[in-house]
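Q: What TrEMBL records for 3-199 is domain 'Tetrapyrrole methylase'. The domain 'NTP pyrophosphohydrolase MazG-like' annotation in TrEMBL covers 255-328, 393-456.
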């Protein structure tokens, strides 16, 4: 069994080396450094202590995750070969050191690990920026910096900002959230006496700095609550909690799951409408309104002891992982149809769906056009379908004539409309079937038609005013003439119909 002593070199001053670390370095065992780009390495040089560094790996590979994986594999090989080795890393081994994290995961593989702690870079950075971390501090690896890593409600330290390329990526991500002119701190050599540097800069200046290197860190102050202009999901939850409190809004306080259920449908439709209009600003707003419904229901549920937002996000992510075994498991699929089939198979298993009828009944009571579309698709999946669209079109013709016949034989004025209602339902169902064959969403198609109608009606009304008439005072024949003129205008644009 091999053993690796992992030593912390501290933030950069030789005085910060612990007695335990010095003893280990001088033990005679081989010393391996993640990088020699660190001031404390001078201690080894001055004492003629031999070492090897992994800087050559950084020079050969741009993907930092692969760099770390290589270092870990090589260290394990050397530990097995030499029985005991030392691995030296900047700062404290247990603070933001990816290779240490990876090594600890491998400890049970005939590998023993002992940590010899060191002073971290966090305290010197906090001293430089004069910030108290009592309200929260997040440490982020700059080599793998992503949008989801940002938390605007706590201070963040980004470390491992090795070069301008890493800084450029960080700048791009930060600017998406904070904007280009949010102030941050660029810090060099924190904790190294006479070499510390701190710059208060705008985000857009980040990769323009010419002194970025292995000892560079970035400090991002949290967004001030009073002057705040950007918000995250936690802010929405806080706002909704306040609105539902005794100090909040009487209307919000009175709502229940049932009283606002229609709002979910309305907001979902408004999202679809914004998409159809290709209105990106509108889509941002409508997605926010839809998200509000999720937060609203979660707040109501939390007050009633039913569930909370974490229950919702947990259930969702578990479902995504479970229903994608080809991504998160060992199952292999090659085609889109296979993905859909496996998704439905797992869904039906979860819901205890055992018969074909169960699959049809499982379609939720959504608006009828959408529901009929989904029911027909599930019937198709078990082979109950026309061979081609011609069969579906013939069915439309058949249902059309049955509607005509039912109207002739029904006393509509007397209120006897049940038969007509039934036949019209059959006709609509048949038309949806044609839509399905042609892969046209009936909801989208009908909404486009409605928008086109409104657009032409608007043109017709404008033309009536131009001739000095009010639509209400015009004959049907006069309006029909204007309508035909409106049809000649191709002014309909999705983004105009807001």
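Using the three backbone atoms N, Cα and C, a Cβ is placed for every residue, glycine included.
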Q: Average the pLDDT scores across the domain 'Tetrapyrrole methylase' (3-199) and report the rounded value.
A: 93
Q: How many of the residues that make up the domain 'NTP pyrophosphohydrolase MazG-like' (255-328) does DSSP mark as helix, as strand and as coil?
A: 58 helix, 0 strand, 16 coil
Q: For the domain 'NTP pyrophosphohydrolase MazG-like' (393-456), jot down how many residues DSSP puts in helix, in strand and in coil.
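A: Its residues divide into 51 helix, 0 strand, 13 coil.
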